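Participant: One structure is given below, represented as structure tokens, and several questions about it will come after.
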Amino acid sequence: MLLFINALLVKRTFMFKWFALVLCLCTTFAYAQESEDDGEIAISAVPASKDAIYSANNNINYKIDLKNTFNTRQTGTVGYRVLAMDDKEIIQKNENINIGRKGSKSLTLRIPPQQAGFYKVQFMVNFPEYDDTVRRTFGVDPEKIKSQHAAPADFDSFWEKTLADLAKVNGNFKVTEMPDSAQDNRRVFAIEMKSLGDITVRGWMTIPNTTNKRKRFPVLLGLPGYQVNLKPMFGSDEDLAIVVINVRGQGNSRDRIRTLRDDYIFTGLEDKNRYVMRGAIMDCVRMVDFIFSRDELDHDNIMVSGGSMGGFLSIATAALDHRVKLCSAQNPILCDVKALPGKVNWPLRDFNRYVRANRGLTLEKLLDNLSYFDTKNFAARIKCPTLVGIGLLDHLAPPDNEYAAYNNIPGKKHMIVFRDLGHEVALYYKNYEGRWMRDTFALF
């Protein structure tokens, strides 16, 4: 019996060692297999044109760089797919390619010439072990883009009456210094005033400390983005006042209008006279009134600046109030509004939700009313030099809509395009804006 037990133990020990060996071999094989299969085909797509803006007579060329990080040669395809801004396919092409182990390859993809406009392009790599797509946007002769939708016939009279309605409201400006908030050698003031509809709106002003009682500071008027609560703005400029406003329904100006974030964009839009943006634009004009009421501010040198909704407000304010000397708008929304359906989710998603909740209301009716607030219609009435910045990958303010507004500006203007950005601009824009403002205002 003892011999049998010893034999059994030896057999089990042998089986355990054999199992451990098999497990080790399997683990080693799996690790080797995983190491061999682990990798990617990195792809970069760089346009031949710096800003991805091309002429209608030329090919749209992109330099494609591929890098294979696999431990094996990869054979597959690389190609492109061009879409209109409403995602309708225009052209697609693929070509075979192989890249050695840990190798790289460069090539040029040539897209045939296209008509004036903007286009989405997808650069695709397809290999047995890896697929990837890089999405970009390019433009062709964008200065030729024109809206297919005219401004309402009574656009000017509508806004003349709105300005007259604002003039009937006493601004009742109140200014309170906030010594505890001072910083960067700047004094801080809280602003309160009455605007269209006798609604109270608020803002902030910061002014450099000075012993010169006769000093007049040029003004940067900052306008808010969508549902943004602006606070006092500071900076190192010792010769510039910075004024910001929270328009009705935003920030510290929510006394009468308090909406959910997603509801603000359509508040009152069933009636153009009650639409929240009518009052918001007048709030910005009223802030220009405030600037003109202050002896320490230079009434001849005012720049309005803002991004997104603030860009829209900047163009609208400069169009309606020619006391503004410079206008800067980054990624302005609500450009060529009747051309937005099919291109963007916002604000169309919220407009459609509003239509469903209100019997008898249609999207067509909303867009008709929104035409009175279309950035492109305001742009045609701007008289001051204007700077605009856009991102070609913007999913809220598509570049063709942006150019429909920009091309309407009749006077001096400059566009800065960021080919790889969405609803934003790079620091380069703000630096350019600052130099442009200081040169224009002779702040040397």
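In case you wondered, yes, glycine gets a Cβ from its N, Cα and C as well.
Sharing the record's features from TrEMBL:
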{"type": "ACT_SITE", "residues": "S308", "note": "active site, nucleophile"}
{"type": "ACT_SITE", "residues": "D394", "note": "active site, charge relay system"}
{"type": "ACT_SITE", "residues": "H423", "note": "active site, charge relay system"}
{"type": "BINDING", "residues": "Y226", "note": "substrate binding site"}
{"type": "SIGNAL", "residues": "1-32", "note": "signal peptide"}
Participant: Of the recorded positions Y226, S308, D394, which one sits closest to H423 (active site, charge relay system) when you measure Cα to Cα?
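Facilitator: The smallest Cα gap between H423 (active site, charge relay system) and any of the recorded positions is with D394.
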Participant: Tell me, how many other CB atoms lie within 10 A of the CB of S308 (active site, nucleophile), whichever protein chain they belong to?
Facilitator: 23
Participant: Any idea what the Cα distance is from Y226 (substrate binding site) over to S308 (active site, nucleophile), rounded to a whole Å?
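Facilitator: Between the Cα atoms of Y226 (substrate binding site) and S308 (active site, nucleophile), the distance comes to 7 Å.
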Participant: Quick check on the active-site residues: of D394, H423, whose CB has the lowest count of neighbouring CB atoms inside 10 Å?
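Facilitator: So among D394, H423, the active-site residues given, the one with the fewest Cβ atoms within 10 Å is H423.
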Participant: Rounded to a whole number, how many Å is the Cα of S308 (active site, nucleophile) away from the Cα of D394 (active site, charge relay system)?
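Facilitator: The separation of the Cα atoms works out to 11 Å.
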